[in-house]
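S.K.: Supplied in C-alpha cells, the structure appears directly below.
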Amino acid sequence: MTESVARLRGEQLTLGYGKYTVAENLTVEIPDGHFTAIIGPNGCGKSTLLRTLSRLMTPAHGHVWLDGEHIQHYASKEVARRIGLLAQNATTPGDITVQELVARGRYPHQPLFTRWRKEDEEAVTKAMQATGITHLADQSVDTLSGGQRQRAWIAMVLAQETAIMLLDEPTTWLDISHQIDLLELLSELNREKGYTLAAVLHDLNQACRYASHLIALREGKIVAQGAPKEIVTAELIERIYGLRCMIIDDPVAGTPLVVPLGRTAPSTANS
C-alpha cells in the first residue's frame, strides 16, 4: 500500500531573515485532517515556519509542496483558495469596517467581474456569528480592542473557507473565555468538517487539550512530533523550555497537563 503524502509539506527547508538563519534542513508535514499545534520557545522558528508554508516567505533553500505541486507554481489567488492564513500582528488595510474586513476573505473565490454573491454573504455572516462579532459589523476596525480585532481577523480567515488553515498565535489578545471559544471552534472545524489546521500556540495545556497532533521545535529543529499523549513528557518539556515540571492527566479531558516546578539550571537546559 502506498503511503499517503500530506497536502502541505516542506522539504529540507532553510529559513531565515537575511544572514540570520532560523532553521536549516527542516523537513515537516502538516498531517491531513488533524489539528496540529506547533509549540516551542520564543525564537525557535514557529512563526517563520508557518509563514513559509503559507508562501508569505520564500525559503533560502528547499521547497514547500501543496497538493503535490511546488507552491511557487500556483497563482496567489489559487493558494488563497487552498490555504487560509492568520498572520501575527496583521495590519488593517485602511479605515474599513469589521464586515468589510471579513468580506476580504471571499476575494479568492470571486471570479473576475463577478458581483457579490449569495454564498459570499452567507460565508461572511457565518464567520462573524462563529466569532461573536456580528454586533460589531459596522464598526471601524481601528476602534476595536486588541481582542475584538483579533476575532475580526479570525472571522476573515473563516470566511475564506479553505480546507487548510494556518494560524499564528490565534489566541493572542483574547481573554480566557474567548481563547476557549476559539479553540473549541477550531476543534469543531477539524472534527466535524475535516479541516486541516496548524496553529502556533504558547499555552501547552491548551495545545494538549485541543490539538490532535503536536510539532515541538527547538532552535529550528523538530524535537518531537505526534499525538500529545504520546510525546508530552517531563523530559521533553525540560529539553525544549528548560523547565522542570510534572505531567499529570487533565481531570476534564484526560490529556497531558503540564504543572511547572521551576527553571532548570542553564547548563542542563542548553544540553
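Please read every residue number as a count from 1 along the shown chain.
Using N, Cα and C of the backbone, Cβ positions are placed for all residues, glycine too.
So Swiss-Prot has the following annotated:
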| type | residues | note |
| --- | --- | --- |
| DOMAIN | 8-244 | domain 'ABC transporter' |
| BINDING | GLY40, PRO41, ASN42, GLY43, CYS44, GLY45, LYS46, SER47 | ATP binding site |
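Give me the local environment of each listed feature.
M.R.: This prediction places the mean pLDDT of the domain 'ABC transporter' (8-244) at 93.
The Cβ of GLY40 (ATP binding site) has 23 neighbouring Cβ atoms from other residues within 10 Å, across all protein chains displayed.
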S.K.: Go through ASN42, SER47, our binding-site residues, and report the one whose Cβ sees the most other Cβ atoms within 10 Å.
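M.R.: Its Cβ has the most other Cβ atoms within 10 Å: SER47.
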